[in-house]
Amino acid sequence: MKQIRNTHAKTEILNLINDSDIALTHSDIQKKLGDLCNRVTIYRVLERLENEGAIHKIVNVDGVVNFAKCSGKCTHEQHFHNHVHFNCKQCHSVTCIENAIPEISLPDHFIAQEYNFIISGICPKCTEA
């Protein structure tokens, strides 16, 4: 079994993602960390956390990569993210919607192994503003 290394940067990045209600971009993380580490270190830590099954990647409707915490089912061998992601057109936030899982019916001989849904619209915070 591969040893998991914990560095101060890794711990801080994971805490940021775990404490956030929305998915965070690399830029969001870099701004919140300040001078704790450089952008390359952040990329490496994000990749390591994804490989360990702690976070997952979401590409929003603008092509920007966001990172969110994984559910308890994910491992370093397999991610389980068959849920909807909501992308707000106003504030550009991305939110995992765990309890809204659409049912898909594929034609014969097609086997789904994973899927990614992004719904775009206006989030509750922007609707109330």
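Residue numbering: from 1, along the chain as shown.
In case you wondered, yes, glycine gets a Cβ from its N, Cα and C as well.
Lifted from TrEMBL, the feature list:
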- Cys88, Cys91, Cys123, Cys126: Zn(2+) binding site (BINDING)
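One way to see the shell of the Zn(2+) site is to take the Cβ centroid of Cys88, Cys91, Cys123, Cys126; the remaining same-chain residues with a Cβ within 8 Å of it are Lys89, Gln90, His92, Ser93, Ile122, Pro124, Lys125, Thr127. Listed in sequence order, Val94, Thr95, Ser120, Gly121, Ile122, Cys123, Lys125, Cys126 are the same-chain residues six or more apart from Cys88 (Zn(2+) binding site) with CB atoms under 8 A from its CB. Note: Cys91 (Zn(2+) binding site) has non-local neighbours Cys123, Lys125, Cys126, i.e. same-chain residues 6+ apart with C-beta under 8 A of its own C-beta. Taking the binding-site residues Cys123, Cys126 in turn, the residue surrounded by the fewest other Cβ atoms inside 10 Å of its Cβ turns out to be Cys126.
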